[in-house]
Amino acid sequence: MILGLALVPSKSFQDEVNAYRKRYDNHYAQIMPHITIKPQFEIDDHDFNLIKNEVKNRISSIKPVEVHATKASNFAPVSNVIYFKVAKTESLEQLFNQFNTEDFYGIAEHPFVPHFTIAQGLTSQEFEDIYGQVKLAGVDHREIIEELSLLQYSEEEDKWTIIETFTLG
């Protein structure tokens, strides 16, 4: 069973992000806009209830998270990914740190950069053109996310689905 943990924003902000993703993100149909808290990890099916309990325990002291998408940014030159940058807060960092440890399916490969991906799988020329447009359009969105979502990847459908949500705090 392949799982991941993410913060999923309100439907209205998902719609705003998806307006870009429909055009510029080749993973648009695979997953909704989100902030990755724990990248994909694999468990045995019989460990599912243990994982749910572990997630509940790890978030019990973490309050709902304020998310502020502040501007368009990118991961170039490492990869041609464009995203809406989310201001890193203590509570976001705490949530990330709870799940990126050796005792919970390993430490993250990359530093924590909270964001909503809006474009990926681009050529260098596409990247330059799209980044310029998106940067000009800008973003300034705030909301409080009260749930951590547990997602499961279906290899058959090549898609991520929310299978459980956990209330923060």
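One-based numbering along the chain as shown.
Keep in mind that glycine also has a Cβ here, set from the backbone N, Cα and C atoms.
What you see is a predicted model, and the numbers here were worked out from it, not measured in a lab.
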In Swiss-Prot, one of 27-30, 59-62, 107-110, 115-118 is tagged motif 'HXTX 2'. Which stretch would that be?
115-118
Annotated range (Swiss-Prot: motif 'HXTX 1') out of 34-37, 70-73, 138-141, 146-149:
34-37
His34 (active site, proton donor) to His115 (active site, proton acceptor): how many Å between their Cα atoms?
8
Using a Cβ-Cβ cut-off of under 8 Å, list the residues of the same chain that are 6+ residues beyond the ends of the motif 'HXTX 2' (115-118) and lie near it.
9, 17, 20-21, 24-25, 27, 33-35, 69, 72-73, 81-86, 134
Let me know how many other Cβ atoms fall within 10 Å of the Cβ of His34 (active site, proton donor).
22
Given a separation of at least six residues and a C-beta threshold under 8 Å, show me what packs close to His115 (active site, proton acceptor) in the same chain.
Ile35, Ser73, Tyr83, Phe84, Lys85, Val86
